[in-house]
Amino acid sequence: MDEEHIALYPFASEVSAYVESLRVSLESLLNSPAFRRSRVRGMERVMQSIEGEIETTLIKDESWLLSETLSYPFAQILVACVDDQLFTKRYALKEAEAASKWLEKESTDFLLEFGEDFGIQAEAEELQFSMHFADYIRFSSSIREPVWKLTNRQLRSGMVVVTKKDFVRLLQEAIKERIEKSFPIPKIPSEVSSFCAPYVAEIKDKFEVHKKKFGTTDFGVVEPDLFPPCISHALANVQGGVNLAHSMRFAMTSFLLSVGMSVDEILNLFNVSPDFDAEVTLYQIEHIAGATGNVYKPPACDTMRTYGNCIGKDRLCEKINHPLAYYEKKIYLKNKEKEMEKEKEEKEEKEKQEEKKEEEEKEKQEEIKKKKKKEKQEEKGKKIKEGKKRERKQEKETKRREGKEKQEEKKRI
């Protein structure tokens, strides 16, 4: 990938190696006047992601290439410091949309190579692209328009045929997914947070104004780690190629739909099952999702026990009566823990700052003491010096007087 493409697609895998080769330290990126343009542009792309579209103007000079490339890691630092899940999703979406506009102008060969960076193995013939249906489902599942459903696509020997425009749209989803997964950034140094604080305050103020315009789901991002044991067990079996009983398949599917997973995402989970049939499975999932007008809810714990699907019961299970209640409680506890951790970090940071302030004050007082001691010693030395000077003067005067007296004595004799 040449420097121009690196600047346009800074989230590509090989860009990190290029940035490392520039030998620009984090401290330099944050503080050096040489990278002021990168910081300004980084803040600009973050603010533009809130306001509407991230605009990129291709200039093709060395200065622009450097500032545009380094503006991305600076923007990432700002997004990480904001630490808001909805904002992160918004930023990732707008970066992906901005990139897709440039991808539309790229050659077929470049698009195929670019797709490989995201694990998409595709082929192209004339103006059409073909890709494996699993890759198609992975990146199309978050697109809600009916035209993107697998049943509405041309399928040939497990390969989905799409136009160049649609292939670029899928690449956009791949970019969005990669950027979202790059957050949160663990353990941001306190000095970085302090430096970014004014930027972050401005970003948060702007985001709060626009927040109501952005959509979100009831549960937010789906978090499989927080699923109840019964659903986690079912998922592990499905991914291991084990064929689930009908009642467990229904329970798992209805649960996943309820927490925000799309039909195509769930379909992709079942594609390793020994009896997998894409059309039949898709029909079953859509039926549970409400294709016939009746949306099915996941069964309660009592029903799960009746059918022998209550597996791996833990302590939290004793306090709830529905798998969704388990998931809600886990999300609450995680958010509470995160909030407490944040408060703890803020408290530790505050204590650290106070200790630093006390230390600085102590050092300041020590400096004052040293200065006073030095001044006292200098004053004492000065007095001693002046005393010795007076003694020498008196001694000299005494000798002069004695000499004069001797001369007068001689004259009298």
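The backbone N, Cα and C atoms fix where each Cβ goes, glycine too.
Swiss-Prot lists C230, C301, C310, C317 with the feature [4Fe-4S] cluster binding site, giving sequence analysis as the kind of evidence. Mapped onto three states, the DSSP output places C317 ([4Fe-4S] cluster binding site) in helix.
Beyond the compositional bias 'Basic and acidic residues' (340-356), the same-chain residues lying 6 or more positions past its ends with a Cβ under 8 Å from any Cβ of the stretch are 190, 193. Taken from Swiss-Prot, the feature compositional bias 'Basic and acidic residues' covers 340-356 (among others).
Marked as region 'Disordered' by Swiss-Prot: 340-413.
According to Swiss-Prot, the compositional bias 'Basic and acidic residues' annotation covers 362-381 (among others).
The annotation compositional bias 'Basic and acidic residues' is assigned in Swiss-Prot to 388-413 (among others). Tertiary neighbourhood of the compositional bias 'Basic and acidic residues' (388-413): none, as no same-chain residue meets a CB-CB distance under 8 Å with a gap of 6+ residues from either end.
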| Per DSSP, what is the residue tally for the region 'Disordered' (340-413) in helix, strand and coil? | 73 helix, 0 strand, 1 coil
| request: By Cβ count within 10 Å, point out the most packed of the binding-site residues listed: C230, C301, C310, C317. | output: C230
| task | State the three-class DSSP label for C301 ([4Fe-4S] cluster binding site), counting H, G and I as helix, E and B as strand, and everything else as coil. | result | helix
